[in-house]
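Presented below is the structure to which this report refers.
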Amino acid sequence: MDWLLILCSLVHLFVCPFTKVEESFNLQAIHDILYHQTDIQKYDHLEFPGVVPRTFLGPVVVSVIAAPFVAVSRVLEFPKDVSLYLVRFALGALVLWPLLKLQKRIKGTLGKGTSDWFVLITVSQFHFLFYLSRPLPNTMALPLVLFAYYYWLGQQHGKFIACSAAAILIFRGELAILLGLILLGELLTRRLSLFKTVFIALPSGFLCLFLTVLVDSFFWQRLLWPEGEVLWYNVVLNKSGEWGTSPFLWYFYSAIPRAMGTSLALLPVGMFSERRVWPLVLPAVFFVLVYSFLPHKELRFIIYVIPLLNIAVATACNRLWENRTKGKWFALMALIAIGHLVANLVLTSFLLVVSRANYPGGEALFLLHKMESRKSNVTVHIDVLAAQTGISRFGQLHNNWMYDKTENLKPGSPELRMFSHLIVEAKSKHGYNLRPYTETHEIVAHIEGFSHIRSSYHHFPPIRIKTKPCLFILKNKYLPKEPEFSFTLRKHPVEAAEESLPSATEFDERNHFDGEGLLIENSTDISESIENSKD
């Protein structure tokens, strides 16, 4: 069933190819490595480092994998945005590799039936495959976490400890809780000795620490351990709460149910019917419980536990399916196991449609490139909402165009009137933001984004996804033959650690669906700065 995981991952990638602000550091770093290579002074992060630094090791690995394909793409003169697909595909392959190995390990440990159900459950859910190819710091750590699970289930403790050390010290410090609990279980059951643990953990830890300090000090041009600074900022200083807080049990009543869908109902059945899954489920639950003490919460912060919980659900489905011939009651339970997959797929399809409507910035820039000739003398200003919802350097296709994301410019100011095109946030063509341009600009297009969900008993399905105008493309009526001004692309330093930003994928229930189908509100009141840059 390997092909099913790969195929569904590609569907998520092609339906929602654009990225949002919390993915910008890694995506920008990959872009700079691919296009600027060893010319570090052209790298965007040196001028605008953000609140806390992130490691370059993930972007380096992804860039190495994607580089040959990007080079072929450039030789064939494909548009630059093709590289975005190639980069995301490379990252997705990095995650799928250990996920497929984990599936094989499940087959050897719990049987082929459980392994097949694990694949079916995973592809039926939305969030794990949605995140799988997104350049988030959490996704960068995911391959190492999956490899750690693989080696743990195979009782290869040395490799488990090495992968855990890399995941913790290089990418995500909070993984010390999850992987530490697993290690503690191995020590308590005496499957692993304390001496062997220390013997492997110390050199592995020093090696990983040396590697991240060496590589990241080079890229950041100062002595640095990025994840150490992130932990200090978010744990010791506890500043993550400044970017939004959620109730203590939010992961349990909101995040996990959305991530697992109807599969969550079968989790207790799996734990009751197969006691071998308890060592998998308990560390996951305790990790989420301990991590709940941090006030700023997002689903992607606990995405690592979903495979472990899905294994338990897979054992339940396999047991129900194997017993389907024992009577009518058992046949009904087997139908429930099948039906829950159908319900998950319906939910996933719905969230995928909603997610596609939440990248109006990427759609707007794509549309502008279709509307204007490559040889046109285009200077376009991109406002905050557009920049946060899909625009990246990979989308800046033409070197002769000028893409500006300068913030805090007053609508209708002389600086904005000088651009040939504007991508402006507005609720309608009569919106306040557009009034200053009535005499100087004309509306050439508008892009709609998600608005709300409405029930409709006259249609099937009885739920309608409603969109509304959110971005308008304006064209200057009085374009000079040559630009009569000069400006530079600027960026504001607010690209933070993912805990430090109220991410576009989870602004917490505020009445607007985000890129992963989450309901949040005030979609037009997005004032946080993002990284803008000069290509």
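Don't overthink the numbers, they just go from 1 along the chain as shown.
Glycine is treated like the rest: Cβ placed from N, Cα and C.
According to TrEMBL:
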SIGNAL    1-21  signal peptide
TRANSMEM  56-76  transmembrane segment
TRANSMEM  82-100  transmembrane segment
TRANSMEM  136-153  transmembrane segment
TRANSMEM  159-185  transmembrane segment
TRANSMEM  197-220  transmembrane segment
TRANSMEM  248-270  transmembrane segment
TRANSMEM  277-294  transmembrane segment
TRANSMEM  300-317  transmembrane segment
TRANSMEM  329-354  transmembrane segment
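In this chain, the transmembrane segment (56-76) lies out of contact with the transmembrane segment (300-317); the count of Cβ pairs under 8 Å, excluding pairs fewer than 6 apart in sequence, is fewer than 3. Of the Cβ pairs linking the transmembrane segment (329-354) with the transmembrane segment (82-100) and spaced 6 or more residues apart, fewer than 3 are under 8 Å, so the two regions do not touch. Here the transmembrane segment (82-100) has Cβ contacts under 8 Å with residues 2, 5-6, 9-10, 13-14, 17-19, 27, 30-31, 34, 61-63, 65-66, 69-70, 73-74, 122, 132-135, 139-140, 142-143, 146-147, 149-150, 307, 392, 394-395 of the same chain, all six or more residues outside its ends.
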